[in-house]
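Per TrEMBL, ATP binding site is recorded for Thr11, Ala12, Thr13, Gly152, Ile153, Asp154, Ile191, Lys200, Met201, Ser202, Lys203, Ser204. The L-tryptophan binding site feature in TrEMBL is assigned to Asp140. The motif ''KMSKS' region' feature in TrEMBL is assigned to 200-204.
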Amino acid sequence: MQKKIMLSGITATGKLTLANYIGAIKNMVKLQDDYENYIFIADLHALTLPIEPETLNQNRKNIFALFRACGIDIEKTTLFFQSDVMEHGLMNWLILTNTTIGELSRMTQFKDKSSKIKTANGMETIPTGLLMYPTLMVGDILLYNADIIPVGIDQKQHVELTRNLAIRLNNKFKTNFKIPEPYIPEVGAKIMSLVEPTKKMSKSDKNAKASIYLLDNPDEAYQKIMKAVTDSEGKIYISDEKPGIKNLLTIYSALANISLNEAEKIFANKNYAELKSQTAQLVKDLLIRIQEKYNFYINNVENESKIGAEKAQKFANINLKKLMKGLGLNNESK
Ligand code: ATP
Ligand code: MG
């Protein structure tokens, strides 16, 4: 039987965090054997908000090598840079001409990110790319006709939009795109900021203390966990009223490969310092393991990404042509 197709990407907006590892990469590595996999570094998505060319260039290479260091195997997974496959740009245009401004401006991510940069002159300061982010993502998914998309909760809405668009295009233009399913991890779907635990950990967060970066010095990462914001109650149990403690338990359980409830039991009669130091040790060990491999893979990015781009492009071109034909953009007679 033919394997189902899994697709996922990470934007090259910053340095990869522990949240990206727990919420996305760890699952991708687990799913590699069961699916035909396409994983890309979303460097076109990274242009959504202004970014220095030098920074973008560093980020994309680091992320490629980190994927390899975290266990993505290029024998099993087509790993590539989004901008190496030109089909993504054209696909975005074809998709966005089938959406409305209303539908895109209702997306939570757009509302969150645009509200942070909106000033007195309103729309003037909001980059168009922020509104179009989801259509580029819909195109990414449909280009590989993916069945399953491993994402954190923050991206679920964009996968839902993709499902709606696939159905819309199939009905209107007789394209037979598959309707993709989001795949959300049971533990670690939302890792929170270490300084403001009601906010998610994000690689684009300006405060370096809020996140553990996979390339952080392992001892400094240990200290960041030790200093994570908690509460003053002193008791360890899972509650939405205790987001700092819940976050530490979540990180611990994800890295120890146990459930959140099991982690709660382990620490039930312990103090915050113990929860912090045991979690910090797991984080430190993880970073040491990843960074050893990273130093090897960073030198192979150019060669390995070429192989990935060639494979991806063949597949993407077939699906792009399918939609172009549906829209009437072809020269063959009937
Ligand atoms: P940005 O701040 O640029 O949006 P990000 O850290 O949110 O960066 P993305 O590139 O948007 O990262 O997402 C990469 C993957 O990591 C996605 O699958 C996303 O769902 C997942 N992810 C992002 N943040 C978290 C989080 N806090 N907890 C769990 N998973 C997350
Ligand atoms: Mg994000």
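Every residue, even glycine, has its Cβ placed from backbone N, Cα and C.
Thinking about packing and proximity, how do these listed features fit into the structure?
Proximity of Met201 (ATP binding site) to non-local residues of its own chain (separation of 6 or more, Cβ distance below 8 Å) is seen for Thr17, Leu18, Ala19, Ile191, Met192, Ser193, Leu194, Ala210, Ser211, Ile212, given in sequence order.
For Asp140 (L-tryptophan binding site), the same-chain residues that are 6 or more apart in sequence and have a Cβ closer than 8 Å to its Cβ are Leu7, Gly9, Phe40, Ala42, Gln82, His88, Met91.
Through the fold, the motif ''KMSKS' region' (200-204) approaches residues 13-20, 49, 154, 190-194, 210-213 of its own chain, all at least 6 residues removed from its boundaries and within a Cβ separation under 8 Å.
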Do you know which of the binding-site residues Asp140, Ile191, Met201, Lys203 end up with C-beta under 6 Å from ligand 1?
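With ligand 1 as the reference and 6 Å as the Cβ limit, the list reads Ile191, Met201, Lys203.
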Taking only same-chain residues 6+ apart in sequence, whose CB is under 8 Å from that of Lys203 (ATP binding site), what do you get?
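Listed in sequence order: Thr13, Gly14, Lys15, Leu16, Thr17, Ala19, Asn20, Ser211, Tyr213.
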If you average the pLDDT over the motif ''KMSKS' region' (200-204), what number do you get?
90
Could you work out which of the binding-site residues (Ile153, Ile191) has its C-beta surrounded by the smallest number of other C-beta atoms within 10 A?
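Fewest other Cβ atoms within 10 Å, among the binding-site residues Ile153, Ile191, is found for Ile153.
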Could you break down the residues of the motif ''KMSKS' region' (200-204) into DSSP helix, strand and coil, giving a count for each?
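Helix (H, G, I), strand (E, B), coil: 0 helix, 1 strand, 4 coil.
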